[in-house]
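Colleague: Below is the structure I would like to discuss, written out as structure tokens.
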Amino acid sequence: MNRQSWLLNLSLLKTHPAFRAVFLARFISIVSLGLLGVAVPVQIQMMTHSTWQVGLSVTLTGGAMFIGLMVGGVLADRYERKKVILLARGTCGIGFIGLCVNSLLPEPSLLAIYLLGLWDGFFASLGVTALLAATPALVGRENLMQAGAITMLTVRLGSVISPMLGGILLASGGVAWNYGLAAAGTFITLLPLLTLPRLPVPPQPRENPFIALLAAFRFLLASPLIGGIALLGGLVTMASAVRVLYPALAMSWQMSAAQIGLLYAAIPLGAAIGALTSGQLAHSVRPGLIMLVSTVGSFLAVGLFAIMPVWTAGVICLALFGWLSAISSLLQYTLLQTQTPENMLGRMNGLWTAQNVTGDAIGAALLGGLGAMMTPVASASVSGFGLVIIGLLLLLVLGELRRFRQTPPVSDAG
């Protein structure tokens, strides 16, 4: 990357055809999954008029995703990764077709929606793990920060476009259009992915999958560096669960419906700015220290968010959280990929992604519990400032991560 620029260099898309193929596939996949994410809750709500049933579908899919990440990590370290990616994407698309067919029936089956949600959650996360494990081989470890930032932008852009497109489709054609286009998009992603080179895994002894997964847990616990990265990632994800308090906080600020949308947009916007301005981040000599400081800063932004006297100041705090958490996440991703042995990349990426799923759920549950005992303002502030205290303690305790130094990479991407 350009040492003179703070802006993200997109030249990796030009110089690395394999990464460009992954970029296209990922963007199409995010939009497709976004269409699905809009359609499933709406269809279940229309069929059952029960928010509990909607929540159950989210819980089941989340559980399937967690299992898929664990299984995918083992498979990605055992089998040729391109085959795992293609198999997972194709199988996931079959589930989308099933949802489309079910929605066209005179009486769609609720059980089928739940079962296909399990199917799609499992296979979607299976492919994600293999793709993450393959990224260092596709771009080179010296370009991982740049690849991570481009990927973050892809996710944010797709996450903005897909709900809007999904809402338009629901209004004009019903859920069948969402499911059908999600299936079509998933199969289209196979075209660029077929152009990827073979992605063999390093030779390693065959062992029971549970033993292989246990070995990854042991490595995580035995490595202060990798373990510290995973712990920080989980805490940042927990902090992002503050969004469950937006509706209640919006009432205290007397926000309109249109203004509430700004609360939800603030963190993604801040994260996008963080990715766009990450041009020199890969050249930092002490990434561990920057990660720790940016993480503590993001917690402080959450603590200040709810006690702001006006909602505009709260939005600024959320955007600041998005920016700082993006810096922390990019450094987590890069250090995890560069400091993990090649033969464990699949399992470690699976565990790291799984902590994002579980961290968000735990954070939402804790905020819900706090909300039962105190006001929404107090709940958000207590959680944010509590995480600040934990973050400061980790700044002292995680000495190896704090002192970690690296030689700035020399990228050939531009």
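Heads up, the Cβ atoms here are built off N, Cα and C, so glycines get one too.
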Colleague: I'd like to check whether Leu105 and Met308, as annotated in Swiss-Prot, sit on the same side of the membrane - that is, whether they share a topological domain name.
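Modeller: In Swiss-Prot, Leu105 shares its side of the membrane with Met308.
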Colleague: For the topological domain 'Cytoplasmic' (1-21), DSSP counts of helix, strand and coil?
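Modeller: Per-class counts: 9 helix, 0 strand, 12 coil.
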Colleague: Count the Cβ pairs between the transmembrane segment (257-277) and the transmembrane segment (84-104) that lie under 8 angstroms and are 6 or more residues apart in sequence, then report whether there are at least 3.
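Modeller: Answer no: the transmembrane segment (257-277) and the transmembrane segment (84-104) share fewer than 3 Cβ pairs below 8 Å.
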Colleague: Relative to the transmembrane segment (179-199), which of 84-104, 110-130, 357-377 accounts for the most Cβ pairs at distances under 8 Å?
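Modeller: Most contacts with the transmembrane segment (179-199): 84-104.
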